[in-house]
Amino acid sequence: GCITTKELGTVMRSLGQNPTEAELQDMINEVDADGNGTIDFPEFLNLMARKMKDTDSEEELKEAFRVFDKDQNGFISAAELRHVMTNLGEKLTDEEVDEMIREADVDGDGQINYDEFVKVMMAK
């Protein structure tokens, strides 16, 4: 259950980041509490929490929201969510997509606005 620099790189790139090998090593060293050169899940969560608190995370969240919000109306609909998840290789049923929307949809309007999106992203 440990994450290597290679695996961390894959995750970061899927989130739109492009870290160098040295940056990945630095990130691992930063949170590698037991010094074994890999990070376990608690260390990984610690790292992600730190990355999200960085000043540029606001811009990254806006960028991610724009990727989901295809028609740029300020909301992520079930169809838009399904489209992005399919592009990421996730085959979801309508029920699963609706469930994801319900979990994030604080005001109950059936879609996800930016504030709701940020809450979900920061809660992980």
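Numbering starts at 1 and runs along the chain as it is shown here.
For all residues, glycine too, the Cβ spot is worked out from N, Cα and C.
Among E63, E80, only E80 appears in Swiss-Prot as part of the Ca(2+) 3 site alongside D69, D71, N73.
Outside the domain 'EF-hand 3' (56-91) by six or more residues, the chain places 14-16, 97-98, 100-101, 110-114, 117-118, 121 with a CB less than 8 A from a CB of the stretch.
Other than D69, D71, N73, E80, the residues of this chain whose Cβ falls within 8 Å of the Cβ centroid of the Ca(2+) 3 site are, in sequence order, F68, K70, Q72, G74, F75, I76, S77.
Here D32 (Ca(2+) 2 binding site) is positioned 42 angstrom away from D109 (Ca(2+) 4 binding site), judged by their C-alpha atoms.
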